[in-house]
């Protein structure tokens, strides 16, 4: 989808004999903006437990997301922090100019009521993503505070889960789910 289209509009009161002057106006079609948040230890992707999380680095994952977003006509803001308060601050800042959230809360999935509350407060579609299948791992990983406020949860698909999340948000936007 092009980022803009052009249209010709007549200039009122400026029609000359034998001609109809027009000016060219550009109508900017803004892309839906998606905040992609990554929680603690995801900065270690590619080196931390590659048998669970794979060999792809966070930079590789960001590029994968940007490529997918471009193909879907989305704009992404890709971020990672090990600090819970930073993730919450980014969510609060995004509430007016972001249309949806993809979040891998990592360890905060199982512990952070504050993160779930922040996601709920901004009232945007949220897709929760986990690289590994959390339900095939330790029992403490089976509970998610974030899932209760998410439109969907994608886990066990590796980093491709982020692409699936962007695709789902694109579908929700097309259906008018962006608030």
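From the backbone N, Cα and C atoms, a Cβ is placed for every residue, glycine too.
What you see is a predicted model, and the numbers here were worked out from it, not measured in a lab.
Here is what TrEMBL says about this protein:
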SITE      48  site 'Transition state stabilizer'
ACT_SITE  53  active site, proton acceptor
BINDING   104, 110, 117, 131, 132, 141  substrate binding site
ACT_SITE  130  active site, proton donor
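Per Cα geometry, 104 is the residue among the recorded positions 48, 53, 104, 110, 117 nearest to residue 130 (active site, proton donor). Listed in sequence order, the binding-site residues near residue 53 (active site, proton acceptor) (C-alpha within 10 Å of its C-alpha) are 132, out of 104, 110, 117, 132. In the three-state DSSP reading, residue 110 (substrate binding site) counts as helix. In the three-state DSSP scheme, residue 117 (substrate binding site) falls into the helix class. In the structure as shown, the Cβ atom of residue 48 (site 'Transition state stabilizer') sits within 10 Å of 11 other Cβ atoms. Within 10 Å of the Cβ of residue 110 (substrate binding site) there are 16 other Cβ atoms, across all protein chains.
Cα spacing between residue 48 (site 'Transition state stabilizer') and residue 110 (substrate binding site): 19 Å, rounded to the nearest whole number. The most densely surrounded of the binding-site residues 104, 132 is 104 (count of other Cβ atoms within 10 A of its Cβ). Taken residue by residue with DSSP, residue 132 (substrate binding site) is part of neither helix nor strand, so it is coil.
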